[in-house]
Amino acid sequence: MSSGSASAIAPPPRSAGTRHQAYYLDTYYQLPFNQGAMQKRSSDSLEFRVRHMQSFFGLEVNGQLDSETLEMMKQPRCGVPDVAEYNFFPRKIKWPRYSLTYRVINYTPDLTVEEVDQAIQEAFKVWSDVTPLHFTRLPHGFADIIISFGKHGDFFPFDGPSGQLAHAFPPGENTGGDTHFDEDETWTNDSRGVITFNLFAVAAHEFGHALGLEHSSNPESLMYPLYTYTGMRDVLLNEDDVEGIQALYGMILRKNVGKQPSNLILNLLHLFWQ
């Protein structure tokens with residue numbers, strides 16, 4: 001659920017060279033304070049963060065901003081950090097119930113309202129097909145997960161076309177679960193064009209975050225932070241994705257996916273998996 005807050009200073013354009021590189025590393029590769037003062041001081045160095053990034057993406061770990069590393073920084077991606085403080089919480093972050101609501105508060109002009117609603121519904125279904133989770137769209141009022149396009153009033157502004165495509169907050173109160181899409185992107189419901197982005201594919205990834213999943217360094221994972229969509233096969237959950245979401249919410253216990261258990265049964269199942 002969203003709550004208004006002041007916006008942060010906008011990130012530098014990717015053409016700004018070293019400023020963008022520093023912004024990238026600050027955004028995606030800052031270790032949390034609870035990892036120790038000495039390690040935190042080390043993490044402030046450019047080399048330390050470059051090494052961390054190179055290790056995450058399977059590049060040569062040399063601590064240098066070489067051509068492969070710089071090229072990786074240019075790739076369209078999710079705005080959620082690859083190393084984030086909430087990733088180190090000692091307890092799993094998840095919703096306390098299985099029946100969740102969502103609301104789309106505005107729409108991109110790139111697609112029809114019906115196309116957006118369909119893409120969002122199918123993206124949630126990626127996760128409900130392998131868990132007891134159930135998602136209901138609300139036309140107005142309070143919802144667990146608020147979905148919006150464009151300016152969104154949090155401390156994580158987007159950076160223009162083909163950079164950060166979207167971001168989502170982990171489960172929780174206020175902004176917990178909220179998912180924001182960059183309206184500077186051109187959204188599509190297919191894979192046409194080199195500077196367009198498939199809404200269903202990006203939404204399925206972001207909803208993984210909204211449910212409590214972190215980024216994966218496995219390029220085959222839906223939770224890989226870079227946009228790699230070339231067709232519907234790229235939105236399939238791999239084994240890591242399924243194990244991760246089921247570790248939070250348990251396995252699906254119904255054979256007929258189209259038949260939804262009551263909220264009471266869902267909540268009892270949640271207590272069982274606590």
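Backbone N, Cα and C atoms are what each Cβ position is placed from, and that goes for glycine too.
Automatic prediction, not curation, is the source of TrEMBL annotations.
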Besides Asn174, Gly176, Asp178, which of Asp117, Asp129, Asp144 does TrEMBL list for that Ca(2+) 2 site?
-> Asp144
Students should find that the motif 'Cysteine switch' stretch in TrEMBL, chosen from 52-59, 76-83, 260-267, is 76-83
In three-state DSSP terms, Cys78 (Zn(2+) 2 binding site) is classed as strand
Rounded Cα separation (Å) that holds between Ser162 (Ca(2+) 3 binding site) and Glu185 (Ca(2+) 1 binding site) | 6
His167 (Zn(2+) 1 binding site), number of other Cβ atoms within 10 Å | 22
Near Gly160 (Ca(2+) 3 binding site), meaning Cα within 10 Å, which of Asp144, His167, Asn174, Asp178, His205, Met223 (binding-site residues)?
-> none
